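Some features that Swiss-Prot has for this protein:
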type	residues	note
REGION	62-73	region 'Interaction with the inner capsid protein VP2'
BINDING	His153	Zn(2+) binding site
BINDING	Asn266, Asp286	Ca(2+) binding site
Amino acid sequence: MEVLYSLSKTLKDARDKIIEGTLYSNVSDLIQQFNQMIVTMNGNDFQTGGIGNLPIRNWTFDFGLLGTTLLNLDANYVETARTTIEYFIDFIDNVCMDEMARESQRNGVAPQSEALRKLAGIKFKRINFNNSSEYIENWNLQNRRQRTGFVFHKPNIFPYSASFTLNRSQPMHDNLMGTMWLNAGSEIQVAGFDYSCALNAPANIQQFEHIVQLRRALTTATITLLPDAERFSFPRVINSADGATTWFFNPIILRPNNVEVEFLLNGQIINTYQARFGTIIARNFDTIRLSFQLMRPPNMTPAVNALFPQAQPFQYHATVGLTLRIESAVCESVLADANETLLANVTAVRQEYAIPVGPVFPPGMNWTELITNYSPSREDNLQRVFTVASIRSMLIK
């Protein structure tokens, strides 16, 4: 993997800097590195593809070295370099696609394609120029079963989940009380509602709670907490739990009371915030517990009083909600990130070349299913294919 990264970094620099008119002295070190790459690769043969519709391609390396010059690089010099660069980039692209198409239930973090396994040989260690990539560093740690640490912005840690629970239900669905939620990506939105606006509740207060267990622990998380759940702020028709009928939800938004968010790790409370909104920090957690209250307003103007009558029918439904959004966090496991294209790149390659479903990844790289059942085997394979995708992205946009 380190050799693949060094090849890609060298080729990227060469493509960007070996241009007509450049002083040789400005790129002499790069050209020496480029020549070392050629010397090491010459005389070797590789094969890529042969899985799904990814065609088999054979690669032979027999290139001349780039010479020295006292002056600027001329058109002939650059053209010679370009021919070599383009062949190497095509090779790297195919090695990466071949690797992203493969998976293994055992030691999935190790190279799976024939070409990348060959590049891992001792003879290619002379190409190992640069390992500054965060993904390479973490791949090395994961490969040695040591602690990794990825910094994510908007990590896709929550499997998609959208549902409701009813704490009070009537056959006609005309006087309901409960919670509804939408968890997805890096965001939780949860709403508590009571058609009667806590009319007969103790002290006219309804208590709501929403607990979310993460598939992997996060640390050093920057989080935004808001006293609103905008996705549940408009009318909708909702299918009943048994699918036999539908019920109408027509929310009137109130501000939640006594809001508390707890971050737990292995059942122990690590951080607690009460009635604090905006930016909050969570040190280390694998579970989030949100609790909040709906309080019937003790004093109401006639207009508000008309919204919340003392008896049925209840045309409008009192609703309070919260939004919790993880803006950035550190995780010991590789995850999809809303700010990165790695999952999209891997999925696109596997779809384009009709890669058959293997023993590890779900069909279509379905992220909700993948993260819901995030096994060590999936973690290892994701670590590898995301590392390869990050390398490929240096050369192929």
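Note: Cβ is positioned from N, Cα and C throughout, glycine not excepted.
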Could you give the residue numbers and ranges of same-chain residues that sit at least 6 residues beyond the region 'Interaction with the inner capsid protein VP2' (62-73) on either side and whose C-beta is under 8 angstroms from one of its C-beta atoms? 18-24, 27-28, 31, 34-35, 38-39, 41-43, 80-81, 84, 87
Restricting to the chain of Asp286 (Ca(2+) binding site) and a gap of 6 or more, list residues whose Cβ falls under 8 Å of its Cβ, or answer none. Gln213, Leu214, Arg216, Ala217, Leu218, Leu264, Leu265, Asn266
Residues near the residue listed as 'Zn(2+) binding site' by Cβ (under 8 Å) yet at least 6 apart in sequence within the same chain, in sequence order, are Glu327, Ser328, Asp337, Ala338, Asn339
Roughly where does the region 'Interaction with the inner capsid protein VP2' (62-73) sit in mean pLDDT, to the nearest integer? 91
Please count the residues of the region 'Interaction with the inner capsid protein VP2' (62-73) that DSSP assigns to helix (H, G, I), strand (E, B) and coil. 0 helix, 1 strand, 11 coil
When you measure from the Cβ of Asn266 (Ca(2+) binding site), how many other Cβ atoms are you left with inside 10 Å? 10
